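Undergrad: Handing you a structure now.
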Amino acid sequence: MTPVSDPSSFSTVSKCATKHLNLIYHVDFDKRVLKGKVALTLEVLEDKFSSLLVVLKRSSLSYGIFRIAVFNLRANYMGFSTFLGFYSIYNLSQMCILVSSKEVTNYIAFKTIVYFFVCLFFIYSNCFCLQQATHCRSMIPCQDSPSVKHTYYAQVSVPKELVALMSALHDGQVPDPSDSSRVIYRFRQPVPMPSYLIAIVVGALESRKIGPRSRVWSEKENVDEAAFEFSETETMLKTAESLAGPYVWGQYDLLVMPPSFPYGGMENPCLTFVTPTVLAGDKSLAGVIAHEISHSWTGNLVTNRNWEHFWLNEGHTVYIERMIARCMESEHLRQFKGIGGWKELQESVNQFGANNVLTNLVPNLHEVDTDEAFSSVPYEKGFALLYHLEELLGGPEVFMGFVKSYIQLFAYGTVTTEEWKNYLFTYFKDKVDILNKVDWNAWMHTPGMAPVKPKYDTTMADACTALCQRWVKAKEEDLASFTEEDVKKLNSPQLIEFMALLLQEEPLPLSHVKKMQEVYQLNSVKNAEVRFRWLRICVRAHWEEAVPLALKMATEQGRMKFTRPLFKEVYNFSKYSDKALNTFKENRGALHPVTAMLVAKDLKING
């Protein structure tokens, strides 16, 4: 493995590497405390390794490491340890401990107590955040670089009326011997994985079986609806296996998160987190699961070595996700999704600026907060590159063969863009002349849009474009020609695309938007992707009745994809700028901290 520095991590991964974590957690809701102990088994990579520098971050959100007990473990004598002492630290934003001993050879273990904020009777970990990057170091003393992969075992003590879940296989549960009102859940993760994929959830959860290796978990109110929505999970898993190879993680469960969950999904092994905003009642938004399933191969099994190569995780995952759509639905749908993805890429480039280096496929992340670097660029610019290569090298079956081979070669390890590219040239050794004509610098290291715009089939998009243009060009006397039949001809993805196209145009006249509501009844649509775009269209048209609806959607759920643009739209409606600000301030505490931080920036709020 080629050594690569990680600008997002404090870890010195060239000196030692974590091979296993043994975690013990005690969840105390009354005190809002998560107490933990962790034993780390480290492989020493330097002959003269004699010290361990432990850097533990206390974020501004709520985390703090208060006491550490450090032990020395001799190689091959795991049952005998030398106690090195306690180290106490208080009220530091960041602290370093130097543990020196000539006895340190192969393994080190230490214990820590971690205090952080939990809310009500549902907690979930925040190791991933936007770029998945480094937040695990706020919860567990660990090497927080994705270049380090390890197994883990965990025991979690919780009140017996609650359920604990982790990104691992359930390994039974027993009464807590120290407290009869509590139960200890046990978990094991035998497949090596990076620390950002460690996940823990505790709550009043119920589950339903939705397949031979899958359950869906949720709070009671949503569990049956979720079971219906995700009933095709096993079909997606089998389809993904036919494309990418065996599923190695054993169990594939889904957890519907609280409304404040800020992402569409998170690909924790064995336990995908998913936003409740995909519960549309008609399975129309269940495609988000195809993306998270695809991560089981690209991201979880084969992982970017640092976050500058994030596109290797996300570009390939989007590619496999859309291949699943191709197999389960049609090539037309895959092409249609590509069109929508190109629009998302354009929006990100517009937001960052076409000359911003964060729109590079391989950005320089030195001195960059990875949360603030997040966008659709690694997803959609990455997919655009893979689709371009597919067209050059022989079509989807041929290129999917490469992707499967790439996964097999780098499985259980990590990879850089250079290593990916070298293998691409090796796999297609008879087509090197074609690959040499690709402008790799423009694709990888140049900001802005992808240098080649894919030529997607527009069969499904044509109806959306036609209806959009009818509305854009309609005069007042033409409004009577619109009927509910216009949208009955469209499926859910097409209705979303129709709305997305309208958002690319100049704002519609208010009379047009009111007519659209009259004939299409869009205020009553449950599909969150449609409703989100519809409310943006209404606010842009300065329909005042839509303002409270937009702010309600921005606050009753916390998915950043929806919350940030809705707040911005209302804020940009000058008459209601103060309303947007006040609503945000009133609801800030209920939002995920990263969501709140980014919305505050959007609304130009300092502090």
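In case you wondered, yes, glycine gets a Cβ from its N, Cα and C as well.
All annotation found in TrEMBL is predicted automatically rather than curated by experts.
From TrEMBL, here are the annotated features:
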TRANSMEM  75-92  transmembrane segment
TRANSMEM  104-124  transmembrane segment
BINDING   H291, H295, E314  Zn(2+) binding site
ACT_SITE  E292  active site, proton acceptor
ACT_SITE  Y379  active site, proton donor
DOMAIN    459-603  domain 'Peptidase M1 leukotriene A4 hydrolase/aminopeptidase C-terminal'
Undergrad: Just the number: how many Å between the Cα atoms of H291 (Zn(2+) binding site) and Y379 (active site, proton donor)?
TA: 11
Undergrad: Residues near the Zn(2+) site, H291, H295, E314 excluded, by Cβ within 8 Å of the Cβ center?
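TA: Other same-chain residues near the Zn(2+) site: E267, E292, S294, T298, G299, N313, T317, V318, E321, Y379.
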Undergrad: Could you state the CA-to-CA distance between H295 (Zn(2+) binding site) and the residue listed as 'active site, proton donor' to the nearest Å?
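TA: Distance between the two Cα atoms comes out at 12 Å.
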Undergrad: Counting other Cβ atoms within 10 Å of each Cβ, which of the binding-site residues H291, H295 scores lowest?
TA: H291
Undergrad: May I ask for the distance between the residue listed as 'active site, proton donor' and E314 (Zn(2+) binding site), taken between their Cα atoms and rounded to an integer number of Å?
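TA: Distance (Cα to Cα, whole Å): 5 Å.
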Undergrad: Give the number of CB atoms, excluding that of E292 (active site, proton acceptor) itself, located within 10 Å of its CB.
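TA: For E292 (active site, proton acceptor), the count of other Cβ atoms within 10 Å is 23.
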Undergrad: Which whole-number value in Å describes the distance between the Cα atoms of the residue listed as 'active site, proton acceptor' and E314 (Zn(2+) binding site)?
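TA: Cα of the residue listed as 'active site, proton acceptor' to Cα of E314 (Zn(2+) binding site) measures 10 Å after rounding.
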Undergrad: With an 8 Å cut-off on Cβ-Cβ distance and a minimum sequence separation of at least 6, pull the same-chain contacts of E314 (Zn(2+) binding site), or say none.
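TA: E314 (Zn(2+) binding site) has long-range Cβ partners G299, P378, Y379, G382.
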Undergrad: Please give me the CB contact count at 10 A for the residue listed as 'active site, proton donor', counting all chains in the structure.
TA: 23
